[in-house]
Each structure stands twice: as C-alpha cells, then as structure tokens.
Amino acid sequence: MNYLRQQLGSFMPVFRREIGAYYSTPMAYVFLAVFLLALGMFTWEASGFFDTGTADLTPFFVWHPWLYMIFLPALAMRLWADETSAGTDELLLSLPLGMPGLVLGKLLAAWSVAGVGLLLTFPMWITVNFLGEPDNAAIILTYFVSFLMAGSYLSIGAAVSALTRSQVTAFVISVVIAFIFTAAGWPLVLSGVKSIFGAGFADLVAQFSFLSHFEAAQRGVLEFRAVLFFLGFMALWTILNGLWASRHRLG
Amino acid sequence: MLDIQKLVKSFGTKRAVQGLSFTVEKGTVLGFLGPNGAGKSTTMRMISGVLEPDSGDALIAGKSVVSQRREAQAALGYLPEGAPLYDDMTPPEFLAFMAAARSLPKSERKPAIERAIADSRISTVCGQRIGSLSKGYRRRVGLAGAILHDPPVLLLDEPTDGLDPNQKRAVRALIARMAPTKAIVISTHTLTEVPAMCTRAIVIDRGRIVADETPEGLRQLSSDGTLEGAFTKLTDQAEAESA
C-alpha cells in the first residue's frame with residue numbers, strides 16, 4: 001500500500017501540470033476546434049448524416065478511428081519529447097516521483113482533453129434525438145468504447161514520444177504505428193506486414209485491428225472482448241512508455 | 001550530509017566520471033570546478049538521481065541515491081545546468097507544481113512558496129510566464145525551486161550564470177545565509193565566484209579529482225598566485241599526463 005502510494009503519488013501533480021500545459025497554451029483549443037470541425041465535416045459531407053434516413057450515429061462513429069489516428073498523436077507527441085528538448089526532463093527526474101505516476105499522469109491528461117472533445121460532440125446526439133428515437137443506451141456504449149479507443153491511440157503516441165526529443169518525429173512514427181493498428185485487418189496492411197515480418201506475424205497483427213474491435217461497439221453491442229482489448233493494449237503501451245522514459249536515467 | 005562514493009559513469013567508450021569520491025559536511029560551500037567536459041554536470045546528474053551511475057553511490061543525508069532514490073531526492077535541492085523550466089507556467093505556478101511534486105504538506109506550501117519567492121527575489125515577475133523571462137530571472141526561478149523545500153543538501157549547477165553584478169551579489173548573500181545549516185555544492189567555471197562563495201574547492205578533470213583545497217590553498221598551487229593560474233596548471237597537467 002505504501003509502495004503503491006510512493007509510485008502513484010506523482011500522479012496528481014503531473015496530471016495537473018499537463019492539464020495546465022494543454023489549456024494555458026492554444027494547444028487544447030486548437031486541437032478541440034479542428035477535431036470537432038473535421039468530425040463534423042466527415043459526418044455531414046462524407047457520410048451524409050441527413051441522407052441515411054435513420055436516427056442513429058453510425059455515420060458519425062465510423063470516422064472516429066480514422067480521425068483519432070491523425071489527431072491523437074498530435075495531442076500526445078509533446079508529452080515526453082517536449083520535456084527532453086527543453087531539458088525539463090532533468091528537473092522532473094530529479095524530483096522524488098515514481099515513474100508509474102508520471103506516465104499515467106501524462107497519459108490521463110491527454111486522455112481527458114480527448115474526452116472533452118468527445119463530450120463536445122453532444123450536438124450530434126441532440127440532433128438524432130430531435131429527429132427520431134435512437135437507442136440512447138447503444139449510443140452511450142459506443143461513446144464509451146470510442147473513449148477507450150482514444151486512450152489506446154494516445155498510449156501509442158505517449159510511448160513513442162518518450163523515444164525522441166523531436167515532436168515531429170514522435171508524431172510521424174505514432175501515426176504510422178496507429179495506422180498499422182487501425183487498419184490491421186486490411187489486405188493492404190497485411191500483405192505489407194507479411195512481406196516484412198512473415199505470415200505468422202501478419203496473422204497476429206490481424207487480431208489487433210482497432211477497426212474490427214470497434215465494429216461491434218458501433219452497432220451498439222458491448223463486446224467484453226473489445227473492452228478488454230483496448231484496456232490491455234493501453235496497459236502494454238503504458239508499460240513500454242515507462243520503460244522508454246526510464247532509459248533517460250541511463251544517459 | 002553528502003557522501004560521494006566512487007561514482008563511475010561511461011557513455012559508450014568515453015569514461016566521463018572515473019571513481020569520484022568526496023564528502024561535504026554541513027556548513028561547507030563546495031566549489032566544484034573543472035573545464036568543460038570534465039564530468040561536472042554528469043556527476044551532478046548522478047547525485048541528483050537523474051542519471052544512474054555505472055557503479056558507486058551518493059548518500060544524501062544518509063540515504064542512498066541508488067537504493068533509496070526518492071528518499072535521497074527528497075533531501076536534495078537541485079538546480080540543473082541551464083535552469084530548465086516549464087515556459088508555459090508563471091513562477092508561482094511552477095513553485096506550486098514543485099511543492100506538490102515534493103509532497104509538501106498542503107498547509108506549508110503557501111508559506112514555502114512565499115519564502116522562496118522572497119529569497120530569490122522574483123516577486124516582480126510573478127505575473128509573467130517563465131518563457132518570457134530573461135536569463136537571469138529564469139536562473140533565479142530555478143533557484144527558488146531548488147530551495148523551496150528547505151533541503152539539507154543543495155546542488156547548484158552554474159547558479160550565477162547570466163546574472164548581472166547586483167543579482168550575483170544577491171545570490172551570493174542568499175547562499176552565505178543558507179550555508180551554516182546546509183551542505184552546498186556549486187558547480188561553476190567562473191573562477192571569480194569561488195573565493196566569493198565557497199569555503200572549499202574541488203577541481204576535476206577527465207572525471208578525476210585533481211585538487212581538493214580551500215580557495216586560498218588552491219591559489220597557492222599556482223606559480224603566479226591566482227586561481228586562474230592554478231586551474232590552468234592543474235587541468236593542463238592532467239591533459240599532459242593522459243597524452
């Protein structure tokens with residue numbers, strides 16, 4: 001218990017510091033504005049929200065993985081790379097803070113900004129309720145799984161950010177990794193992975209597709225498997241994040 | 001207070017610090033000198049728990065930085081090289097973050113922050129973002145962060161770099177005021193700072209101690225009776241020996 005408190009005691013100060021960094025600079029506002037704009041455009045223009053004739057949010061949720069893939073690495077890229085390039089990692093590592101709390105504080109700060117983005121899509125939900133009688137329980141469930149999926153994308157971005165001092169490098173690498181996991185079930189990705197790593201690995205990668213795990217949730221079905229998948233995925237990348245951030249102590 | 005035991009650190013094939021040992025007692029202000037690349041900052045990073053030593057240990061107020069890292073770090077105030085700070089925060093926000101990160105009891109945070117602001121003389125810039133401050137003020141905000149929790153051991157990397165003469169005098173006075181109750185290590189390559197601030201000086205070169213004297217004793221090591229002469233002689237000699 002005491003050990004846990006030591007390890008996680010750093011959570012609150014780091015979380016608050018990161019939230020402050022997002023909202024005291026234009027970063028969070030630019031992210032939220034552009035994310036919502038893009039989501040709206042895709043929902044209305046590309047999916048034809050009003051043309052489907054049914055009162056549900058499928059044309060809205062279908063874009064989530066793709067927009068997360070681009071936008072969330074942008075939100076996460078600064079988490080560690082910025083510390084390294086500004087030299088503040090030295091200050092941070094000299095404080096009596098446990099690494100687990102540090103890693104979680106940073107990740108959850110970014111995740112909460114993404115959560116605010118999701119909450120601000122409430123006009124969509126109001127619109128479908130105004131137009132018809134959608135299954136609101138199913139919508140809440142889809143939102144929930146989408147939020148978990150956002151955390152998974154952010155955990156990739158945060159971990160990669162600990163590997164480099166350049167935010168741009170962190171962003172590009174994160175988007176590539178995020179793309180691989182988003183479209184892991186696609187023949188395009190699978191054949192590429194197969195030719196580099198072999199068929200066995202390609203089969204494994206196919207099991208990790210965000211699109212297929214999010215599919216059931218989009219239909220309003222709560223798949224325990226999908227929830228576990230996203231939580232496990234996040235845990236794995238968070239551990240990698242901790243390991244990669246600890247490498248700073250080796251010089 | 002501070003006990004450094006055979007610290008060793010290599011980067012690749014380069015041996016940056018080669019078995020450094022020394023102790024600093026309460027009441028001592030130690031000048032930690034050496035040419036660029038001598039291993040000063042690497043040593044400071046190892047003492048502060050930022051870098052893990054390859055071997056050796058540093059005891060801060062009796063706590064090992066290797067096996068009891070957080071306890072050791074809690075007893076240390078550290079101003080890293082170049083005073084890195086969060087640019088998007090104001091000085092009071094930064095100090096509040098430091099107080100929370102150091103788990104100061106909530107009731108003590110406000111007085112500690114006010115005292116650190118007064119001691120480091122940054123009250124005039126409290127409303128500004130750190131990113132907009134001049135080099136001298138940044139350094140003093142970093143110093144305020146280091147002394148915030150009133151640690152028994154202070155490790156200051158170039159604390160007067162970038163300060164004007166008045167600010168330097170103020171920082172020296174602050175260090176002199178804290179000196180009786182703390183062990184203070186000041187890394188610098190500004191030799192004029194040494195007799196003004198330090199009661200003892202260690203010169204290192206290529207990761208090894210080449211002299212451990214009072215400032216006056218150091219001066220007598222040279223042929224011309226100046227610190228600069230002693231510094232040149234000690235570090236050149238080491239260079240000649242290793243060549």
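From the backbone N, Cα and C atoms, a Cβ is placed for every residue, glycine too.
Marked as transmembrane segment by TrEMBL: A:21-42 (among others). Remote same-chain partners of the transmembrane segment (A:21-42), defined as residues 6 or more beyond its termini with a Cβ less than 8 Å from a stretch Cβ, comprise 60, 63-64, 66-67, 71, 74-75, 78, 109-110, 113, 116-117, 120-121.
Non-local neighbours of the transmembrane segment (A:62-81) in the same chain are 18, 21, 27, 31, 34-35, 38-39, 42-43, 46-47, 89, 106-107, 110, 113-114, 146, 149-150, 153-154, 156-158, 160-162, 164-171, 174-175, 178-179, 182, 210-211, 214, 218, 241, 244-245; each lies 6+ residues outside the stretch with a CB under 8 Å from one of its CB atoms. The transmembrane segment annotation in TrEMBL covers A:62-81 (among others).
Listed as Cβ neighbours of the transmembrane segment (A:102-126) (distance under 8 Å, sequence separation of 6 or more from its ends, same chain) are residues 8, 10-15, 17-19, 21-22, 28, 31-32, 35-36, 39, 43, 57, 60, 68, 72, 75-76, 79-80, 92, 139, 143, 146-147, 150-151, 154-155, 157-158, 238, 241-242, 245. According to TrEMBL, the feature transmembrane segment maps to A:102-126 (among others).
According to TrEMBL, the feature transmembrane segment maps to A:138-156 (among others).
Look at TrEMBL and you will find A:168-189 (among others) tagged as transmembrane segment.
The transmembrane segment annotation in TrEMBL covers A:226-245 (among others). Long-range neighbours of the transmembrane segment (A:226-245) within the same chain, counting only residues 6 or more positions beyond its ends whose Cβ lies under 8 Å from a Cβ of the stretch, are 80, 99-100, 102-104, 107, 145, 148-149, 151-152, 155-156, 158-159, 162-163, 181, 208, 213-214, 216-217.
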Worksheet item: Are there residues at least 6 beyond the ends of the transmembrane segment (A:168-189) whose Cβ is under 8 Å from a Cβ of it, and what are they?
Response: 65-66, 68-70, 72-74, 76-77, 80-81, 152-153, 156-157, 160-161, 205-212, 233
